[in-house]
Amino acid sequence: MAMGPPPEDGTVAVVVRVRPPTPSERDGAAHPVLHVVDQHILVFDPEEPGGPPGAALPPRGPKHRGKDLKFVFDRVFGEGATQEEVFQHTTREVLDGVLNGYNCSVFAYGATGAGKTYTMLGSEQSPGIMYLTMAELYRRIEARRDEKSCEVLVSYQEVYNEQIHDLLEPKGPLAIREDPEKGVVVQGLSFHQPKSAEQLLEMLANGNKNRTQHPTDANATSSRSHAVFQIYVKQQDRVVGLSQDLQVAKMSLIDLAGSERASVTNTKGERLREGANINRSLLALINVINALADAKSKKTHIPYRDSKLTRLLKDSIGGNCRTIMIAAVSPSSLAYEDTYNTLKYANRAKEIKLSLKSNVLSLDCHISKYATICEQLKTEVADLQAKLRAYEDAARDAGKQIPALLPPPRMEEAVPESCSAPNVCRESDGEQQELGAGQDAQLGGEEEVLEEMPPSSPSPTQQTDLQLGMKKPNRLPQRLSRSHTEMLMATILSVAQKQYSLLKAANLLTPDMVSEFEELQLLVQKEAAVSPQPTDTSGAPPALRTQRGCDASPSTLSAEPSVPTTRAALRRLQQLTALSSPKLVAKKRRRSEMSNTSRLETPHSLNTRAKRQRKSSPLSAGGEVEAQRSPHTPCLKEPQSPPLLPCCTPKICPLTVTKRRAPLMTSAAQNCCTPTVCDLNVTYSLSEDVAKPGALSLPRFPGWENAPCALKKQEGPFVPRASIPVFSMKGSSIPKPSSISKGSVQKRRGAVSNASRSLGGIQSHITSSSSRRSAQPQSIPEHPPPGLTWKGRSGPR
């Protein structure tokens, strides 16, 4: 079934080519009768001839049609136009239509000796339109070979004395038939399928040798027949399916024989009969052109059957075919009549209307071919999977070539303090934030805000690693100076780590890349475990060497000649020696206080602490264990943890910086502050007389009503009192006066006295965990502390 876009309207494109004058025309002093004004306008028989000045003009005969006639065409080529220029503006433009399923035809029309055969065939030095068109067609087919499969069939025939002959396989005259589906068909015509443009051009050259030519007085190489070279292009999508679209287009390149006058050519006998048949077929072609161009005429009959030539070109002129007519004319006044007639019919052909439609056929496959189609699809899928697998293997092998080229021994010496993975870098960031958590809680409940830091400024993690790397300044330079290869290894590994961090930050990591980086990490850790530890020339035991390294002063470290240090490094080293020990001791003290008050923690605080412990890094845990083992040691020993990045190696981790800002509103729950003393005393005052169990009532507790008012006051900041905590309770949980017994009052008084003994622990616990709780100013916990629980009946919890 024919499918495709709606028909497109158009007209026949007409171009005119003026050939250069021949030597005989120059010697005869014949003035030109054509003047090319520009690329579209041509003047016939101008008033001022373009001949040499002073040349005698031949007298005008009585048959001269007019003077100074102007013709407008789609393109006008002067005497100096080349074959390539004519091709660019004629058949090159219609090749796109052929590849899109449109029929196209290009034919040269004109008198004998006007240059039709030269324009279509050319010579070896200057090939014509047929040669250039075939070369360009195969070039475009090769460009779209991956998308569509193309098949090219060619045929070459001639019409000689109203008989059709095969030029590629010469044989007798062939009959012409009309098929309702295929159109005009020449019975017995051979079709050939060239594999390349060179093979096709060879076929074209052999066909021209079989073409009938004979010299006449008008033309030494006069063609005595009409040659028709047809190219069939069949295209199909490479994707196999149950229904496929098939595009079939036909392109006809026609070299017509020239009309001739018997009085001019002086032909007799066989040549005279040939000329008569040529003129008869051209007359039939002119009638067809007139009928197609006369749109106002009521005649619907087109005289295609008047000649074998017109029957053969029935589907190549007008209708569903993009047609280009090349009118070849002579500028000499000797061919005045022939030039005028050619221009007149060429101007007439411009009025032929076209209705272009793409020849797309939808082929539905029979059910018997479904199995074959499925096999083809499976084969195509297997081929694509094999190509994809080969591509992935090549990419994986290329990634493995980098560690394979590096020498495996002494891997840990090349990167003694580099992070084994980006997770270690992030864990060091968590340790740095946890060490400063105790100091942050004392700044008035400031809020921590994390935002990205530009790569140019160093992050706190980088500064910490830089200070830790300066503890052993004489280790890395000595090892890197041993071999240039080890330095190259360290550089490559740092670049790989940087690439991993950047890709992960941009969310561009693929599973293959992650596996490659993990293999590289495992290789580094494996080599670090296998490689022997470097020997120390001092001869001291390891503990003593560690003690000496910790007790060394910055001046002692900078005095060693083998360590290249800078002023910034010395300043950071001084900061390290001044600030590293207090942070660790404060952390140990804080953790010991938290362990003492573990019995007073609520379930919510236990969950918060469990989450905080899970966030802590292995490095910090290792440091705490070492500190607990040797609490009286003046300097902490080096923890057995993965090595950190040295100061000379670029550290690539998620760059974040911690900024602080004051909260929008201060509250007692956030700042661990208490209301005034009088409110607190009244709130928790209990009856002194044990013998009066019924004296407890709601009006005896004015602090419950004044607490919200005290929290809303903004005249002055709340003064933290470390001696008395604040406890509040929901109204629904207040026991009724009748439900309180004498024993419950005594137990409550004992619980309050026990709670007052551990107020210091509670206050320290509240201070350390206030920054991590998001409690509202008026929120009341559902579960009271275990030291102040109400016994007896209470409201719903």
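Every residue gets a Cβ built from N, Cα and C, even glycine.
Within the model, the domain 'Kinesin motor' (11-352) carries an average pLDDT of 85. For 11-352, the entry in Swiss-Prot reads domain 'Kinesin motor'.
Ala111 (ATP binding site) falls within a strand when secondary structure is assigned with DSSP. Here Ala111 (ATP binding site) comes close to Gly258, Ser259, Glu260, Val329, Ser330, Ala335, Asp338, Thr339, Asn341, Thr342: these same-chain residues lie at least six apart in sequence, with C-beta atoms under 8 angstroms from its C-beta. Marked as ATP binding site by Swiss-Prot: Gly110, Ala111, Thr112, Gly113, Ala114, Gly115, Lys116, Thr117.
Per Swiss-Prot, the feature coiled coil maps to 367-402; the stated evidence is sequence analysis.
The region 'Disordered' annotation in Swiss-Prot covers 412-476 (among others).
Under the heading region 'Disordered', Swiss-Prot lists 528-564 (among others).
Marked as region 'Disordered' by Swiss-Prot: 579-640 (among others).
Look at Swiss-Prot and you will find 594-608 tagged as compositional bias 'Polar residues'.
Residues annotated as region 'Disordered' in Swiss-Prot: 730-797 (among others).
Taken from Swiss-Prot, the feature compositional bias 'Low complexity' applies to 731-744.
Shown are the binding-site residues Gly110, Gly115; of these, the residue with the fewest other Cβ atoms within 10 Å is Gly115. Sequence-distant contacts of Thr117 (ATP binding site), defined by Cβ-Cβ distance under 8 angstroms and a gap of at least six in the same chain, are Ala108, Thr221, Ser223, Asp255. Counting only residues at least six positions away in the same chain, the Cβ atoms of Arg19, Gly258, Ala328, Val329, Ser330, Ala335, Asp338, Thr342 sit under 8 Å from the Cβ of Ala114 (ATP binding site).
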